[in-house]
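Marked as transmembrane segment by TrEMBL: 12-31, 43-62, 74-94, 106-123, 132-150, 156-174, 186-206, 218-238, 250-269, 275-293. Residues or ranges marked as domain 'EamA' in TrEMBL: 13-146, 155-292.
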Amino acid sequence: MYTKVKSIKSENLGYLLAVTDMLVYGLYPVYANKFSNTMNPLLFGGAALLIGSLPFLFILKIQRDLIKLFSAKFIKPLLLIAILTAIGTLLFFAGTRLTSGINSGLLIQIEPVYSVFVASIFLKEIIKKEQLASTLLMVIGAGIVVYRGFPGINVGDLLIVLSPFFFQISHIIFKKSLIKIKNPNIATTARLFYGGIIVTMVALLFDPGSLGQLSLKTNLVNILLFAFIFRALDLGLWTQALARLPLAKISAILPLSAAVSFTGSVLILGEKPTMYQYIGLLLIGGGMLWLTLQHLRGSKVDNLIQSAGELS
């Protein structure tokens with residue numbers, strides 16, 4: 001009885017953490033767009049990754065695993081994760097500077113589309129008709145947002161659409177690396193630390209003079225807030241929620257982030273949504289919800305099969 005109550009409390013806490021993380025993650029593209037317009041967006045993104053790695057470096061130090069971050073045994077998968085994260089970050093921050101907060105928030109949500117196809121290609125998972133239909137709905141929604149009803153397509157929108165692909169590939173390598181690395185904090189730290197170094201180097205390579213922007217107090221405060229809230233806290237909440245809830249249940253909350261991004265862009269950035277953005281929100285959000293329901297049904301079937309196996 002005590003174990004059951006403890007499990008329920010843990011699950012309730014997991015839901016609270018997951019909902020909180022969706023609020024944080026939903027505001028990520030809003031503030032990325034806001035702060036990227038105050039300085040070199042690539043330098044901002046790189047510095048935020050680096051500073052966001054500090055809490056995780058401290059955790060690894062306490063766990064006595066910090067040395068593994070630089071170990072030749074693990075460096076190959078860690079650098080690969082970091083490089084893919086860096087490419088995704090470069091595309092996103094370069095893109096958000098060129099487009100609106102609403103578009104940034106909506107287009108980053110198509111990551112589940114890549115997830116389905118990446119799982120099919122790399123993990124040999126079969127794409128079901130329902131999965132294909134729901135992802136197609138999201139693609140159509142993203143297309144409407146990008147197209148905006150006239151021939152001219154914003155380059156920033158295209159860069160943001162591409163960015164989740166690299167994050168998804170990095171997630172696959174992340175999962176595979178855990179077989180050898182064991183401690184997930186090592187890969188998470190590498191993603192932020194090495195990824196931050198790469199993005200910062202690229203930013204300074206193309207615009208060395210932008211280094212002086214870090215001397216401005218406003219920019220430093222923005223970077224610190226973004227790093228600790230939208231990098232460190234976001235990853236921390238997500239990790240703790242995953243530890244308490246099945247992925248299928250967490251997925252049910254994912255559509256919330258799209259609504260938060262949309263609302264945040266209107267209230268915080270003062271943007272006025274167009275008809276195409278409203279349609280995009282409905283299609284992308286609807287596709288996410290449909291895909292989520294499929295995951296939940298699949299989870300219930302798996303639980304029934306497991307229960308039947310235990311009874312036999």
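The chain as shown is numbered from 1 upward.
Just so you know, glycine gets a Cβ as well, placed from its N, Cα and C.
Residues 17-18, 20-21, 24-25, 27-28, 31-32, 35, 38-39, 44, 47-56, 188, 192 of the same chain sit 6 or more residues outside the transmembrane segment (218-238) yet have a Cβ under 8 Å from a Cβ within it. Remote same-chain residues near the transmembrane segment (250-269) are listed as 14-15, 18-19, 22-23, 25-31, 33-34, 100-102, 104-106, 108-109, 112, 241-242, 277, 281, 284-285, 288-289, 291-292, 295-296 (criterion: CB distance under 8 Å, separation of at least six residues from the stretch ends).
Here the transmembrane segment (275-293) has long-range neighbours at 102-103, 106, 109-110, 112-113, 116, 130-131, 133-138, 140-142, 144-145, 147-149, 251-252, 254-255, 258-259, 262, meaning same-chain residues at least 6 beyond its ends whose C-beta is under 8 angstroms from one of its own. In the predicted structure, the domain 'EamA' (155-292) carries a mean pLDDT of 88.
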